[in-house]
């Protein structure tokens, strides 16, 4: 039988339990992953109690309340607070969500919060997305043309423009890629659902003139074909997009140009 031994500093330990708010009757318990690279200590799970009668309805509201009123050392990303910027993606109650639009009423019992899976951690709930962004850049997510730029806009029919619906709305939160087991196993070479969704968005753009080159760049055993239609990406996308369908469409295009 294979035996695996985790590095000593990877084992999570029980952290600090903060006191409950006095006089509160509607209290939720939050178990939150904590790790500070500057201390050299193991990751830990700290426990906080929040008076929900004095807190907004979203998970991000509770995190902000914890940081402002209980523990200012808690670190996480956030910005727009309305599901547009993608900054506050994290693993909540076992699934990847945007904390700003994930309601407390969707969670039963304790609230368990971790950083996005698979990614290196910068600190606490902040993942290092350097590799994720590099993969996105590798698909050249912009218009490539040889035709001289027109005096006005690049014209596009209503039908061609409609093909981009369900693709351009991605907020680059990384929830889909970090929910994908294939990305966990082959993240160094498999581009992942987010990057491939963007690749398809430009491949089918009627104004783009580099379709062949884009498909050539994806003709690789790992970049595209490590997708095994597990569908975690589609199930977890906070914008309701379907990266798995986009990936399947690219595969069909690969076959169509050969047959």
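Our numbering is plain: 1 for the first residue shown, then up by one each step along the chain.
In case you wondered, yes, glycine gets a Cβ from its N, Cα and C as well.
Annotated domain '2Fe-2S ferredoxin-type' per Swiss-Prot: 28-119, in sequence order, evidence recorded as sequence analysis. As annotated by Swiss-Prot, [2Fe-2S] cluster binding site applies to 80, 85, 100, with the evidence given as similarity to another entry. Per Swiss-Prot, the feature domain '4Fe-4S ferredoxin-type' maps to 160-190. Swiss-Prot lists 170, 173, 176, 237 with the feature [4Fe-4S] cluster binding site. Taken from Swiss-Prot, the feature [3Fe-4S] cluster binding site covers 180, 227, 233. Residues annotated as ubiquinone binding site in Swiss-Prot, with similarity to another entry given as evidence: 185.
Averaged across the domain '2Fe-2S ferredoxin-type' (28-119), pLDDT for the predicted model comes to 97. Within 10 Å of the Cβ of residue 180 ([3Fe-4S] cluster binding site) there are 28 other Cβ atoms, across all protein chains. Excluding the listed site residues 170, 173, 176, 237, the same chain places 86, 171, 172, 174, 175, 177, 193, 194, 197, 233, 236, 238, 239, 241, 243 with Cβ atoms within 8 Å of the centre of the [4Fe-4S] cluster site Cβ atoms. Shown in sequence order, 78, 79, 81, 82, 83, 84, 86, 87, 88, 98 are the same-chain residues outside 80, 85, 100 whose Cβ sits within 8 Å of the Cβ centre of the [2Fe-2S] cluster site. Summarised by DSSP class, the composition of the domain '4Fe-4S ferredoxin-type' (160-190) is 12 helix, 0 strand, 19 coil. Across the domain '2Fe-2S ferredoxin-type' (28-119), the DSSP tally of helix, strand and coil residues reads 18 helix, 29 strand, 45 coil.
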